[in-house]
Every structure is written in structure tokens, then in C-alpha cells.
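Scroll down for the structure; my scribbles are underneath it.
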Amino acid sequence: MKIVEVKHPLVKHKLGLMRAADINTKDFRALATEVGSLLTYEATTDLETEAIEIDGWCGKVEVERIKGKKVTVVPILRAGLGMMDGVLEHIPSARISVVGIYRNEETLEPVPYFTKLANDVEERLAIIVDPMLATGGSMIATIDLLKKAGCKQIKVLVLVAAPEGIKALEAAHPDVELYTASIDSHLNEHGYIVPGLGDAGDKIFGTK
């Protein structure tokens, strides 16, 4: 599995701000979008382009455009919504596919409750966004759903990832690509990433 830890200074700086215990909802939400945007830039460097001719200000000019059906953004509800706009800043015409999965806090197992995928999801690059890759259960379940729908190319964008989650994801889906702002130390006994960001969903939605 391709694993990319994006070490750009802007990513490090913004993620460092997000780790503060006293960060407010407004700032956390804005930074989640910004880091999501920077991760998107890294994850789309291999998009295929094609040359086309258009009318420029001084006549015909050859330019490059993204080729064919492009992207569907797949936020995992609810926290993934906090990163979605960062992707759409670069790919505003992307289709949105929504997957609702929550983690049972006792068993730590994923529980799916909602799925609405783009009609042509099998023809698109799926970019899954979720702030945390902890145990990997929710991400694996989401990829299972996408592959069952015929999706062949999948990339995962997360703010922070635990080694345990990376290992589980690689074992289940070695063909996907993972882009993260940080590979953190470990999971604690409650299944939270250390040092992590705390509960990203609560911080994005102001329910902490």
C-alpha cells in the first residue's frame, strides 16, 4: 500500500495548531479544511490530463484539462464533512458520495447506517476523507462498500493516522493509497489516537 506522510511546513504548522487543547470550533473547522486542501494537492499529482484546443485572447491555444470522469469525494459521516470543502476547493465539480459509519465505543467495531454513492462511482477516482484513521474499522468498511459498488481507484485522506490503523488498512486493502498529515504514536486503551486531535467530530461540529 502506498503511504504518504505529507511533511510540508504548512501542513506541520496547521496540524500543530489543531493539537492545542484549547482550540475553538471555528479555528479547528477552518484548519481541517486547510489541511484537507493541502493533502488533496499531494494526492492528485498523478491525475491524467489531455491536451485540448481553446479560443484564447490572441487566438487558438492548446491547454491541458483533467481527462475523463474525474473524482467523487467520499466523506465518512460525520467528521469527514469537515475535510470535504478542502477537496472541493481544488475539484469543485467533483461528485459527492456519502457514507455514514459510526464506531461502537464499547466494541470499537464500525456500524454502517447510511450510504448514498454517485451514480457513476465505478468510473471515478474516489477520495475518502475522514480526520482520523484509528483502528481502521470505519475506513475498511467504507472501502468495502465502494468496491462492492464497482469503484476501482481509491485514495484515503486523513489528518492523523495510528500505526495500528495503517496496518489494518494495508492488510484489508493493499491497493489503496493513504495520504496523512501525521503518523502518530499509538492508540490508547479507548481506541483514541495519541497524541492525536481528540474527538475531531465534536470539535468540527461544536459538540465537545
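Even glycines carry a Cβ here, placed using N, Cα and C.
Noted in Swiss-Prot for the protein shown:
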BINDING   R78, R103, D130, P131, M132, L133, A134, T135, G136, G137, S138, D199  5-phospho-alpha-D-ribose 1-diphosphate binding site
BINDING   I193, G198, D199, A200  uracil binding site
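Structural mapping of features recorded in Swiss-Prot.
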{"residue": "R78", "record": "5-phospho-alpha-D-ribose 1-diphosphate binding site", "Cβ neighbours (10 Å)": "17"}
{"residue": "D130", "record": "5-phospho-alpha-D-ribose 1-diphosphate binding site", "Cβ neighbours (10 Å)": "27"}
{"residue": "M132", "record": "5-phospho-alpha-D-ribose 1-diphosphate binding site", "Cβ neighbours (10 Å)": "27"}
{"residue": "A134", "record": "5-phospho-alpha-D-ribose 1-diphosphate binding site", "Cβ neighbours (10 Å)": "26"}
{"residue": "G136", "record": "5-phospho-alpha-D-ribose 1-diphosphate binding site", "Cβ neighbours (10 Å)": "23"}
{"residue": "S138", "record": "5-phospho-alpha-D-ribose 1-diphosphate binding site", "Cβ neighbours (10 Å)": "28"}
{"residue": "I193", "record": "uracil binding site", "Cβ neighbours (10 Å)": "28"}
{"residue": "G198", "record": "uracil binding site", "Cβ neighbours (10 Å)": "18"}
{"residue": "D199", "record": "uracil binding site", "Cβ neighbours (10 Å)": "15"}
{"residue": "A200", "record": "uracil binding site", "Cβ neighbours (10 Å)": "25"}
Checklist entry - Which state, by DSSP, holds A200 (uracil binding site): helix, strand or coil? => result helix
Checklist entry - In terms of DSSP three-state secondary structure, what is the assignment for S138 (5-phospho-alpha-D-ribose 1-diphosphate binding site)? => result helix
Next on the checklist: Rounded to a whole angstrom, what is the C-alpha distance between S138 (5-phospho-alpha-D-ribose 1-diphosphate binding site) and D199 (uracil binding site)?
Outcome noted: 15
Checklist entry - Does DSSP put D130 (5-phospho-alpha-D-ribose 1-diphosphate binding site) in a helix, in a strand, or in coil? => result coil
Checklist entry - Using an 8 Å cut-off from the Cβ centroid of I193, G198, D199, A200, can you name the remaining same-chain residues around the uracil site, in sequence order? => result P131, M132, Y192, G196, L197, G201, D202, K203
Item to check | Rounded to the nearest Å - Cα separation of D199 (uracil binding site) and A134 (5-phospho-alpha-D-ribose 1-diphosphate binding site) | outcome: 11
Next on the checklist: With the 5-phospho-alpha-D-ribose 1-diphosphate site defined by the record as R78, R103, D130, P131, M132, L133, A134, T135, G136, G137, S138, D199, how many Å span the farthest pair of C-alpha atoms?
Outcome noted: 17
Checklist entry - When the Cα-Cα distance from D130 (5-phospho-alpha-D-ribose 1-diphosphate binding site) is computed for each of the binding-site residues I193, G198, A200, which gives the smallest value? => result A200
